[in-house]
Amino acid sequence: MKLLAPVLWAMAALGVTWLVAVDSKESCTKHSNGCSTPLRLPCQEYFRPACDIHDNCYHCGTIFGISRKECDDAFLKDMNTLCKKLGSNSATCPARGKREVTSHRATSIAHSRLWKTALDQKSFLNRKARQAILLTPNSCLYWANNFYMAVHVFGARSYSRTTDPKDCQGLKHCLPNH
């Protein structure tokens, strides 16, 4: 019986820690609509963590002194970081279903000319050759730039200048580090 009490206390402490972590994560989606677009786009789900931070930044940025430009720049940086996490697979976003996997294979074959062009360069490390490969229409970096341009051009109406400070209490950890 004496051994049971410490185990129960430890389980309770771990449970509370887990609940706080879940609550903290959930609070970061309070003002987020994900990567909302009228169409389903590649990388949309993969970029969701960056979109959540960006949505919170648009909602609470003025409260914490973060400009719209800083929100957008942090958004691009966060998406590029996600792309870099893919490592050597950064040429494409992770596929979500069989249809996307199949279309990805077909697209890879269709874009094989880009690889040939890059390999024909004097050096594979040639900057233009690398850019041609990384910014193909299915690349993670290509879509990161597209998402960034969309919010940069069309996001002005969504950036809130009249947010109630109470709405943003406890959300500073959900904003970009600027």
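The backbone N, Cα and C atoms fix where each Cβ goes, and this holds for glycine too.
Per Swiss-Prot, the annotated 4-hydroxyproline among residues Pro42, Pro94 corresponds to Pro42.
Feature annotation from Swiss-Prot across Gln44, Gln131 places pyrrolidone carboxylic acid at Gln131. For the residues Pro49, Pro165, the entry in Swiss-Prot flags 4-hydroxyproline at a single position: Pro49. Swiss-Prot marks one residue of Pro6, Pro137 as 4-hydroxyproline, namely Pro137. Cβ neighbour count for Pro42 (4-hydroxyproline) (all protein chains, 10 Å cutoff from its Cβ): 23. It is Pro38, among the modified residues Pro38, Pro49, whose Cβ has the fewest other Cβ atoms within 10 Å in the structure shown. His54 (active site) counts 28 other C-beta atoms within 10 Å of its own C-beta, drawing on all protein chains shown.
Each residue contributes its Cα atom, and for Pro42 (4-hydroxyproline) and His54 (active site) those atoms are 18 Å apart.
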